[in-house]
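Novice: A single structure is presented below for examination.
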Amino acid sequence: MALSINGVLCTLTVLILWRAEELVEACSCAPVHPQQAFCNADVVIRAKVVGEMEVDTGNDIYGNPIKRIQYEVKQIKMFKGPDQDIEAIFTSPVSAVCGVTLDTSGKKEYLISGKVEAGGKMHVTLCDYITPWESMSPTQMKSLTQRYQMGCDCKIVRCPSLPCAISAPEECLWTDLMIEKQVHGRQANHYTCVKRADGSCSWYRGVTPPKKEFLDIEDP
């Protein structure tokens with residue numbers, strides 16, 4: 001019996017260590033509303049990916065080469081970013097460290113958001129907002145040109161559990177995960193958090209920009 005118990009304990013130890021290693025290696029990202037992703041990003045573009053190669057981007061502290069994937073992109077439109085077109089984006093080579101895998105056939109259009117590194121290179125991770133263009137709602141597409149930027153002084157707060165409430169007037173409460181059990185719910189697809197004349201922020205639905213009457217309204 002002692003041997004059997006020891007065997008079970010040994011097996012459990014191996015499983016726990018294996019699971020712990022898996023968790024350490026996994027890439028974990030908190031859900032984010034498309035508007036918040038837009039505001040957090042340095043660059044937001046609509047583009048096709050037309051090529052891919054593995055490149056060395058320097059060495060780590062031990063002298064080992066740092067590998068990254070370089071995607072060659074054909075930019076269709078820039079919604080946020082530098083004056084020049086983005087011709088390449090960089091990402092980690094594996095998803096365990098948040099590397100992104102994209103279709104390189106040139107047939108699929110993406111909305112790609114990311115950060116600008118030293119030297120002006122665009123870097124993307126699984127935590128950035130990257131989605132096929134065709135999967136976006138008409139409201140999301142229109143919001144990229146003006147409305148998302150209008151709400152960058154606001155903060156979209158995810159509802160972690162019910163009941164939940166905002167803690168400041170410049171916040172909008174994002175409830176898709178709790179109410180609809182999905183990230184891409186009604187608020188993500190059809191609403192923008194917009195700042196009003198009194199400094200508060202509120203959800204606004206519609207393809208057209210908010211009218212003056214909405215922006216001037218004050219909460220009682």
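In case you wondered, yes, glycine gets a Cβ from its N, Cα and C as well.
Any TrEMBL annotation is an automated prediction that lacks curation.
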Novice: Among Cys127, Cys152, Cys154, which cysteine does TrEMBL link to Cys201 through a disulfide?
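Specialist: Disulfide partner per TrEMBL record: Cys154.
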Novice: Taking Cys127 as one end of a disulfide recorded in TrEMBL, give the other end from among Cys29, Cys39, Cys193.
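Specialist: According to TrEMBL, the disulfide partner of Cys127 among Cys29, Cys39, Cys193 is Cys29.
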Novice: State the disulphide partner of Cys172 as given in TrEMBL, choosing from Cys152, Cys159, Cys164, Cys193.
Specialist: Cys193
Novice: Considering the candidates Cys152, Cys159, which is the cysteine that TrEMBL reports in a disulfide bond with Cys164?
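Specialist: Going by TrEMBL, Cys164 is disulfide-bonded to Cys159.
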Novice: What does TrEMBL give as the disulfide partner of Cys98, choosing from Cys27, Cys39?
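Specialist: Matching partner in the record: Cys27.
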Novice: Could you tell me which of these disulfide-bonded residues, Cys29, Cys98, Cys154, Cys164, has the fewest other Cβ atoms within 10 Å of its Cβ?
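Specialist: Sparsest of the disulfide-bonded residues Cys29, Cys98, Cys154, Cys164 by Cβ contacts within 10 Å: Cys29.
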Novice: Starting from each candidate's C-beta and looking 10 angstroms out, tell me which of the disulfide-bonded residues Cys39, Cys127, Cys152 has the most other C-beta atoms.
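Specialist: The largest 10 Å Cβ neighbour count belongs to Cys39.
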Novice: In angstrom units, rounded to an integer, how far apart are the Cα atoms of Cys29 (disulfide bond) and Cys98 (disulfide bond)?
Specialist: 9
Novice: Would you list the DSSP helix, strand and coil counts for the residues of the domain 'NTR' (27-152)?
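Specialist: The breakdown for the domain 'NTR' (27-152) reads 23 helix, 50 strand, 53 coil.
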Novice: Out of Cys27, Cys159, Cys172, Cys193, Cys201, which has the highest number of nearby Cβ atoms, where nearby means within 10 Å of its Cβ, if these are the disulfide-bonded residues?
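Specialist: When each Cβ's neighbours within 10 Å are tallied, Cys193 tops the list.
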